[in-house]
Amino acid sequence: MQNPSCILLLIYVNLMAFFRNFSLILAVATALACRGDGQLSPDFYASTCPNLQRIVRNAMSEAVDQELRVAASILRLFFHDCFVNGCDGSLLLDDTATFTGEKNAFPNRNSVRGFEVIDRIKSRVECECNGTVSCADILALAARDGVALLGGPSWTVPLGRRDARTASYCAANAQLPSPSATLPTLISTFAAKGLSARDMVALSGAHTIGFAQCSNFRARIYNETNINPIFAANRRGVCPPSGGDTNLAAMDLQTPNRFDNNYYTNLLTRGGLLYSDQELFNNGWLDWLVRVYSSRADAFRRDFAAAMVKMGNINPLMGTDGEIRKDCRLVN
């Protein structure tokens with residue numbers, strides 16, 4: 001017959017082994033749960049939709065081939081989505097009889113565009129990976145690819161966002177920066193989203209592509225003195241003192257369809273189209289950074305890519321929050 005003390009020792013050893021194994025299993029499960037719910041990952045769809053990035057890239061390539069301007073439009077969609085309660089695809093939702101979304105808020109109405117491109121990409125993704133990829137993630141990838149297709153930088157896009165079930169008309173009116181914003185207002189607006197002044201200057205370089213409506217720069221070209229007179233005269237040709245509010249002018253007159261650092265060079269010669277553009281270089285404390293980006297395209301490209309990743313991390317829905325929309329324009 002075994003010694004009782006030996007039996008107790010054996011029980012103790014087995015129990016300790018059990019709890020060690022249980023603790024290990026619990027730690028692994030916790031880590032996996034945190035990865036799924038707590039942070040975005042570039043590999044989020046590696047097993048569930050491995051061809052996602054190729055699908056998005058090909059669709060964006062086709063769209064940009066048809067209209068170069070669409071790259072800037074998608075980039076602006078992403079910015080306007082992220083700045084209103086986070087990168088959750090809320091801007092993509094259509095209004096309904098019982099729901100007023102963000103599309104018709106003042107900064108977006110008759111201005112944001114490119115929704116049909118996101119619709120096409122979503123349709124292709126759904127054909128291959130049904131009910132798997134969020135519209136918010138598709139928008140993040142499409143914005144990156146549009147920039148790269150016009151010669152800009154590329155970057156690794158963390159994924160795993162889910163789609164909002166609602167949107168906020170009021171928040172869109174309140175949270176998006178105005179084209180007439182002063183430098184202190186711009187800095188505080190970006191800071192409220194966790195973005196630094198350096199991020200703000202780098203992200204403003206997105207205005208190296210795309211167009212602005214006359215109503216957003218009329219006051220600058222007719223009323224301001226801090227503007228290159230030749231540049232102002234050129235822009236008056238497309239923007240009369242009254243009327244023509246939706247007439248378009250390229251943000252960068254020299255290379256409107258190339259993602260480069262010419263935006264900053266224009267600021268040095270007082271050729272910023274929007275008041276908020278020229279505020280970045282107006283005898284303020286950020287003048288030095290504009291000079292750096294103007295002379296060093298590599299610094300701009302690096303900082304822009306980093307700021308885009310940072311912006312893409314603004315309050316994403318993850319885990320079981322939100323949903324994966326079947327149609328980017330409608331909640332499920």
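Note that Cβ sites are derived from N, Cα and C of the backbone, with glycine treated the same way.
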Next item on the list: Name the cysteine that pairs with Cys129 in a disulphide bond per TrEMBL, restricting the answer to Cys34, Cys49, Cys214.
Entry: Cys49
Check: Need a hand: TrEMBL gives Asp252, Thr255, Asp260 for Ca(2+) 2, which of Thr189, Thr208, Thr320 is also on that list?
Finding: Thr208
Check: TrEMBL has Asp81, Val84, Gly86, Asp88, Ser90 down as binding Ca(2+) 1; which of Glu67, Glu102 does it also list for that site?
Finding: Glu102
Notebook entry, point to check: Inside 8 A of the center formed by the CB atoms of Thr208, Asp252, Thr255, Asp260, which other residues of the chain have their CB, for the recorded Ca(2+) 2 site?
Noted result: Ile209, Gln254, Pro256, Arg258, Phe259, Asn261, Asn262, Tyr263
Checklist line | Alpha-carbon distance [His80 (active site, proton acceptor); Gly86 (Ca(2+) 1 binding site)] in Å | finding: 9
Checklist line | His80 (active site, proton acceptor), number of other Cβ atoms within 10 Å | finding: 21
Next item on the list: Using the centroid of the Cβ atoms of Asp81, Val84, Gly86, Asp88, Ser90, Glu102 as reference, list every other same-chain residue with Cβ within 8 Å of it (recorded Ca(2+) 1 site), in sequence order.
Entry: His80, Cys82, Phe83, Asn85, Cys87, Gly89, Leu91, Ala164, Ala167, Ser168, Ala171, Ala172
